[in-house]
Amino acid sequence: MNPLANRLAVKMNGIGNEILIVDLRGAGAGVTGPQARAIARTKGLAFDQLMVLEDPRSKGCAAFVTIFNADGSQSAACGNGTRCVAWTLLKDGARDEVLLETAAGRLACRRVSELVFSVEMGRPRLKAAEIPLSRDAPDTSAVDLSFGPADSPILKNPAVVNMGNPHAIFFVEDIGAYDLAAIGPVLEHDPLFPERANISLARIVSPERIELKVWERGVGLTLACGSAACAALVAAARRGLTGRRATVALPGGELDIFWRESDDMVVMTGPVAFEFETRLDPAIFADAAA
């Protein structure tokens, strides 16, 4: 029997980032890419990320979280989704902290208030091989990449950061001047990024505030992307455009991002919103290959 059939699904969002959570701990099975796509195509269940809770693999962790994008591809990190998972595990109020595992590593989550959570998103990986890039780049704070005519590029020299997944951040003066819906998919699939990349446009409002718009790998334009917000802060701080803490404003809302100097950890804090919960209709998976 399909372990997803009639399984409880919790629909939430993190500042507009649409999240669906399914708890498969104890089920002895996971989710496939085709199954994730089938859920994403179901009316009322469309998501940016599907967070699948599986049995923990390490002592002290509450769950291993496998993350799917709407196209069925997997992602190693989703900050907004991780905050939503933390809410589901901490909502009874018995404790204020929970430790999760993902493909990117362990993530410590903490309740700040009823609907606000912090997540330690890990340490940024900044070497070309860690992003990864298809060629060496001695300075990943500004790599050789452009979009547009060679003699007059529209965008050029992004910073690249891996925050569990690859990010390229272009700093611009006016985000609205660029058609990210057209630019994003081209740059996402640029040969420089063998695993594709999330593409962001960032504007420095002040040393304490960044405006951000994101084309998310495997999703498209999104109202919010937590790992992109973390990557933007790291990129801005490396260029001396901000300090190590700033508010990142996305179309869906704001996140507080802190790149802690003591241990190089990036901490993201922001709100979550519960929408509804439902049971997954077995008919959803009738045509989904294993």
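Glycine is no exception: its Cβ is also placed from the backbone N, Cα and C atoms.
Bear in mind that the values here come from a model prediction, so they are computed numbers and not experimental data.
N17 is the residue from N17, N157 that Swiss-Prot records in the substrate site together with Q49, N69, G79, N80, N165, N198, E216, R217, G226, S227. Ranking the binding-site residues N69, S227 by the number of CB atoms within 10 A of their own CB puts S227 at the top. Distance from the CA of C78 (active site, proton donor) to the CA of S227 (substrate binding site) is 6 Å. Around C78 (active site, proton donor), taking its Cβ as the centre, 31 other Cβ atoms fall within 10 Å, counting all chains. The highest number of surrounding Cβ atoms within 10 Å, among the binding-site residues N17, N80, N198, is found at N80.
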